[in-house]
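Structure record follows, encoded as structure tokens.
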Amino acid sequence: MPLPNHVTSHLRSLQLAPAAVHYNLKRPRLYEEALDRNEGQLAAGGPLVTRTAPYTGRSPKDRFIVRDASVADQINWGEVNQPTDRATFDHLHERMAEHAEGRDLFVQDLHAGWDESYRLPVRIITEKAWHSLFARNMFVRPDGPVPDSFEPGFTVVDLCEFEADPERDGTHSEAAVFVDIAQNLILIGGTHYGGEIKKSIFSVLNYMLPEEGVLPMHCSANEGEDGDTAVFFGLSGTGKTTLSADASRTLIGDDEHGWSDRGVYNFEGGCYAKMIDITPESEPEIHGTTEEFGTILENVIVDPDTREPDFSDDTITQNTRGSYPLHYIPNTSSDGRGGHPDHVLFLTYDAFGVLPPVSELSPAQAMYHFLSGYTAKVAGTEAGVNEPKATFSTCFGEPFMVRDPSVYAELLGQKIRRHDTDCWLVNTGMTGGPYGVGHRIELDHTRAMVDAILDGTLGTVARTRDPVFGLSIPDRVPGVPDSVLTPRQTWGDPQAYDQHARELVDAFADNFETYVEQVGTEVRAAGPSLETIRG
């Protein structure tokens with residue numbers, strides 16, 4: 001099949017002169033190319049197993065955005081969104097073009113977003129066949145041949161074998177993820193990690209969509225039989241994937257969505273799931289994808305003889321990943337869309353053990369907790385001492401939020417008020433004490449709480465206001481002991497509870513100082529208060 005003229009001319013404009021171009025190859029051909037080029041190996045059942053070392057995760061310190069007049073005052077510059085200048089970008093572009101000369105390239109024309117009113121046409125250019133398959137898994141694939149009228153709104157050039165030189169290229173390492181919004185171009189080099197491709201486009205959508213009144217969200221989403229839609233925000237380890245995977249509800253998507261005036265829609269055509277320690281019992285749907293032709297298993301160890309994957313083996317990394325089309329998961333949406341959310345759930349893992357397991361939020365509280373993006377983790381276990389550490393990631397996705405967080409929070413506030421959306425804080429972390437003393441809230445109890453939210457039960461029960469965090473706690477949840485609902489009552493030492501609550505309140509207050517001048521009085525007053533803590 002001859003290469004379309006619009007692709008040839010675009011490659012020329014990008015200064016790319018490859019030996020050959022493989023355009024929009026489908027899975028079987030990409031498998032052949034990847035295996036012929038020794039880019040991976042087959043696992044039992046059909047997945048393609050690849051390696052990304054030394055980078056087995058994103059490299060946020062190597063991500064830069066070109067700072068020019070058109071975007072300078074619209075981007076939240078800092079450690080997350082590091083600026084670079086156009087001369088540096090253009091120099092890197094030239095060096096990468098030299099690297100690509102005479103090599104084979106793979107091109108995929110796809111879309112980011114299922115809603116045709118807001119979708120972004122993307123062109124993904126890679127030097128690895130498996131990266132082309134990754135892109136085809138993760139983005140929205142065309143129903144038929146790509147029309148000659150296809151014009152990419154953004155282009156990713158991923159030349160993973162190119163290694164940047166920090167002295168010459170203005171980088172911090174051999175890896176480079178450079179974004180030029182004005183030229184609609186992303187350059188990725190020096191890293192084989194597939195997630196850089198998908199997250200670079202997600203960052204672009206986080207810049208572009210607010211201007212169209214669309215709230216980009218780092219969340220999962222599902223839909224009930226009656227068309228009711230729920231959105232789940234949550235950082236790693238909070239249970240976002242587990243709790244949104246419900247056999248009685250249709251999965252819209254597991255990671256990236258937009259909320260427009262038409263409702264919720266998935267940005268992606270696939271999933272990029274963590275694979276460490278999964279079993280048919282713990283994650284049956286996700287485990288099933290590991291036996292499918294077309295799935296990519298990143299950094300998963302396989303038996304050299306049987307080629308059976310060992311998902312418990314973290315020899316390379318704990319961040320083993322699987323990339324697969326969304327339809328490999330049973331009961332997924334056929335059009336990637338849902339209505340306006342009836343419920344928004346913020347999931348947090350509170351290692352302090354002081355947040356209630358479920359509580360309803362006012363719109364102002366929802367904006368406060370959205371801006372905070374709180375979860376917690378255990379800092380260490382030295383000498384048997386486990387100290388919880390508060391972690392905040394604004395909008396539950398700080399690494400990908402290009403604009404000021406208040407832009408996204410204001411959009412969220414507008415939408416939940418306009419559509420009368422109920423918002424909830426669900427703590428999937430500790431109860432009865434902090435990490436090392438208490439225990440994790442039982443998954444069955446958390447599922448019962450989520451079920452009661454989604455079926456409307458919690459909207460009708462009496463509430464009690466938590467005096468510390470100001471949250472509205474349901475007095476009853478079917479299937480959950482009443483004693484579990486009020487965290488102070490689960491502690492053997494109430495004074496110890498108060499002390500840990502003080503620590504978390506202080507952490508919230510310190511973190512929110514960043515946003516105090518950017519939000520109204522109502523949102524500022526929606527956080528926890530030390531004055532109400534007993535003792």
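Keep in mind that glycine also has a Cβ here, set from the backbone N, Cα and C atoms.
Taking Cβ-Cβ distances under 8 Å and a sequence gap of 6 or more within the same chain, the neighbours of ARG321 (substrate binding site) are GLY194, GLY195, TYR272, ALA273, LYS274, MET275, LEU297, GLU298, ASN299. A strand conformation is recorded for ARG321 (substrate binding site) in the three-state DSSP classification. What Swiss-Prot lists as substrate binding site is ARG58, TYR193, LYS199, ARG321, and the listing cites sequence analysis.
Marked as ATP binding site by Swiss-Prot: LYS199, HIS218, 234-242, GLU283, ARG321, 440-441, THR446. THR238 (ATP binding site): 23 other CB atoms within 10 A of its CB, across all protein chains.
Taking all protein chains in view, 22 other C-beta atoms sit within 10 angstroms of the C-beta of LYS199 (substrate binding site). As annotated by Swiss-Prot, Mn(2+) binding site applies to LYS199, HIS218, ASP255.
DSSP assigns ARG58 (substrate binding site) to coil, not to a helix or a strand. In this structure, SER236 is the one among the binding-site residues SER236, THR242 with the smallest number of other Cβ atoms inside 10 Å of its Cβ. Ranking the binding-site residues ARG58, TYR193, GLY234, LYS240 by Cα distance from HIS218 (Mn(2+) binding site) puts GLY234 first. Counting only same-chain residues at least 6 apart in sequence, those with a Cβ under 8 Å from the Cβ of ILE441 (ATP binding site) are PRO357, ASN427, THR428, GLY429, MET430, THR431, VAL484. Other residues of the same chain near the Mn(2+) site, with their Cβ within 8 Å of the Cβ centroid of LYS199, HIS218, ASP255, are LYS198, PHE202, GLU256, GLY397, PHE400. Candidates SER236, LYS240, THR242 (binding-site residues) were compared with ASP255 (Mn(2+) binding site); those inside 10 Å Cα-Cα are LYS240.
Put simply, SER236 (ATP binding site) is 14 Å from ARG58 (substrate binding site) when counted between their Cα atoms.
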